Amino acid sequence: MNNSLASGLRRATPQLISLAVILFLNWLAFPGFFDLRIQDGRLFGSLIDVLNRGAPVMILAIGMTAVIASKGVDLSVGAVMAMAGAVAATMTVEGYPLMAVILTALAVGIACGLLNGFLVAVLDLQPIVATLILMVAGRGIAQLITEGVIVTFNDPGLIFFGTGSFLGLPMPIIIAALLAIAVILLMRRTALGLLIEAVGVNRSASSYAGINSKLLLIFVYTLSGFCAALAGIIAAADIRGADANNAGLWLELDAILAVVIGGTSLLGGRFSILMSVLGAIIIQAMNTGILISGFPPEYNLIVKAAVIIMILLAQSASFAGIGGLFVRAPSAAKKADAS
Amino acid sequence: MKFVTRLLIGTAFGVVLAGSASAAGLTVGFSQIGSESGWRAAETSVTKQQAEKRGIDLKFADAQQKQENQIKAIRGFIAQGVDAILVAPVVATGWETVLGEAKDADIPVILLDRGIDGSPDLYMTMVASDQVLEGKVAGEWLVKDAAGKDCNVVELQGTTGSSPAINRKKGFEEAIAGTSNIKITRSQTGDFTRAKGKEVMEGFLKAEGGGKNICALYAHNDDMAVGAIQAIKEAGLKPGTDIKVVSIDAVPDIFKAMADGEANATVELTPNMAGPAFDALEAFKKDGTVPPKQIITESKLYTPADEPMKVYEEKKGLGY
């Protein structure tokens, strides 16, 4: 047990160093970065902001990790967020009870995931194309649901999912943490995670070995749809309104990036949900840092790109050895390619 | 045979109907971009209201964000022989051919809300707001409200590089340039959205001593201000009192915030672009008065003194 913890930490070294460096830079830019205080019965501070704002991407990344491990990708999560938020807000305005609102919104996400899974597993469409369909159409459907306006609501039950707190922590953090624990247990205390990795490495071989790869693929896309709906509910609850045009816009890319920063290969196979969550935290720490750094906004994207390149380089250097990048040894070059 | 007769009678009846409708007043074609935002929807419904009020027969075409649809619609209007065409152009380029056709058919074209690249001969006039002025009106309100006291302003910019973001920033800076007490201490983009407005404001509040060093917030649109108001509340401060809130657009939700005392001022980007356009058109048709090439709409300032709840109810019906 101790051994596996140590090897896990060793694998996570580049990510942990990246996070530490980003947090240190944030602290340089803004000395009060690590200050925490209690405000209205909950913790309040920049660190909490990082976790709280990062929660939707963390939740998306949890589902995305499973999809990517199966050698797929789910581009529709941002649009599914918008749809789930639109459904939740519209139903709340029409006076449905909270339970019905949440269950319907989650059901929308599950239905979207089933559709994606059906297209990929049964019709054998390329995942990137199959989920692109819903990425485009989903936002349109969300706009139809909200009729092109921002649907605002004041129901304290739904708002609680975005801005409420439990044990001093904002609800989005609690939800993301609970979901991460549940999915990790599901993946690692059963054979499920191993089977998904097997399908990701070689689908036909795993089928011959007796794994029901169709069902597994449908499962991972459904999980991703469920996660997206959950993130959509949180995003809508946070601003007390469903903004079909902007909710979850481009977040699918952030989620994929979080998974990649976490070290899961886009080619499928071995995955780590905890590392993807860490990846999401790294991205948000960087975003929050940029916001409080006082740079003019014209530099936001450049700074972001530069930091991401550094993080990914740090990971690949730890693989190939920094020298390996410059030496034309066949093995090192091959490793650098692979990373 | 019977069928053909009936068809002929039907067609003749239709022609008579169409003839009588256009005799009642002007027929105007309106090619709208689409309904990508609440403001756009409001512009559409105000245009329809204005046409109805003046007895104008409005032919409406929604282009769903596509220029080719707009070109098709304009060609359709020309073929129908309308008296004038209103266009809210989705992009600035590529209008020479189709607007040239309208010109050859002697149909005046009026641009709404956005301009085009190309010869000004292609259109009669353009009705638009002055975005620099909007920022200036917001800034002037703050200068007056601060009344010489020191005031550190945080700014939520629109999407980086977009013309409203550039111009509204410029106008505000012009308004406060003459004062030494008002300073913009932080400025970041909130992408014109509520979610980003809230997130960026959370950052500002942390970076400025929990909000103690912030006297006012200037947001380039109301949606970002609404998001920021929530962030201010969650930080345990009172928006509108501890931190003044001034923004632009005048969408319904900001009036609700104003009624609750959480916002202080907003500058209207009026959805009534059609009113001045129809005024110019009617004058032109009556005695040939050629309007100026650009008609600037009013940038009206609203404060809690303007019965925000009443304005909210009025605006809510416009489809924002």
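Just so you know, glycine gets a Cβ as well, placed from its N, Cα and C.
Automatic, uncurated: that is what TrEMBL annotation is.
Keep in mind that this is a model prediction, so the values were computed, not measured.
These features come from TrEMBL:
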- A:12-30: transmembrane segment (TRANSMEM)
- A:75-93: transmembrane segment (TRANSMEM)
- A:99-121: transmembrane segment (TRANSMEM)
- A:128-146: transmembrane segment (TRANSMEM)
- A:158-186: transmembrane segment (TRANSMEM)
- A:215-237: transmembrane segment (TRANSMEM)
- A:249-267: transmembrane segment (TRANSMEM)
- A:274-295: transmembrane segment (TRANSMEM)
- A:301-327: transmembrane segment (TRANSMEM)
- Query: Same-chain Cβ contacts of the transmembrane segment (A:249-267) under 8 Å, 6 or more residues past its ends?
  - Reply: 11-12, 15, 18, 56-58, 60-61, 63-65, 68-69, 71, 73-78, 81-82, 135, 200, 231, 274-280, 282-283, 308, 311-312, 315
- Cβ under 8 Å to the transmembrane segment (A:99-121), counting only same-chain residues 6 or more beyond its ends: which ones? 72, 74, 76, 80, 83-85, 87-88, 91-92, 127, 130-131, 133-134, 138, 158, 161, 213-215, 217-230, 232-233
- Query: Of the listed stretches (A:12-30, A:75-93, A:128-146, A:158-186, A:274-295), which one yields the highest count of Cβ-Cβ distances below 8 Å with the transmembrane segment (A:215-237)?
  - Reply: A:75-93
- Same-chain residues at least 6 beyond the ends of the transmembrane segment (A:75-93) with CB under 8 Å of its CB atoms are 56, 60, 63-64, 100-102, 104-106, 108-109, 112-113, 116, 128, 131-139, 141-143, 145-146, 151-153, 155, 158, 224-225, 227-233, 235-237, 241-244, 247-252, 255
- Query: Who are the chain neighbours of the transmembrane segment (A:158-186) in space, where the CB to CB distance is under 8 Å and they lie at least 6 residues beyond its ends?
  - Reply: 38, 41-43, 48, 51-52, 55-56, 58-59, 62, 66, 88-89, 92, 98, 101-102, 192, 223, 227, 230, 233-240, 273-274, 277
